[in-house]
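Visitor: Feature list, courtesy of Swiss-Prot:
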- Cys16, Cys18, Cys37, Cys40: Zn(2+) binding site (BINDING)
Amino acid sequence: MKQGIHPEYKEITATCSCGNVIKTRSTVGKNLNLDVCSNCHPFYTGKQRVVDTGGRVERFNKRFSIPSSK
């Protein structure tokens, strides 16, 4: 590898809005503030909610379906 052309690889901290602090290494060179992390994201915590579309699929099918010839 060529010397002097690669960015510095520094240790940084990524701080989540929930208070979780993650130490990692990066070429960014500054600490990061995160909105969500694996401690507070609904997918990882098991608190994921299913969004109900309120019958939109049925309403679409009713509106645009071709009447059956039975």
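One is the number of the first residue shown, and numbering goes on along the chain from there.
Just so it is clear, glycine is given a Cβ too, placed from its N, Cα and C backbone atoms.
Walk me through the surroundings of each of these features.
Guide: Under a cutoff of 8 A between CB atoms, and with a sequence separation of 6+ in the same chain, the neighbours of Cys18 (Zn(2+) binding site) are Val36, Cys37, Asn39, Cys40.
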Visitor: Cβ distance under 8 Å to Cys16 (Zn(2+) binding site), same chain, sequence separation 6 or more: which residues?
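Guide: When sequence neighbours closer than 6 are ignored, Cys16 (Zn(2+) binding site) has Ile22, Leu34, Asp35, Val36, Cys37, Asn39, Cys40 within Cβ distance under 8 Å.
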Visitor: Starting from the Zn(2+) site formed by Cys16, Cys18, Cys37, Cys40, give every other residue of that chain whose CB sits within 8 Å of the mean position of their CB atoms, in sequence order.
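Guide: The surrounding set, listed in chain order, is Ser17, Gly19, Asn20, Leu34, Val36, Ser38, Asn39, His41.
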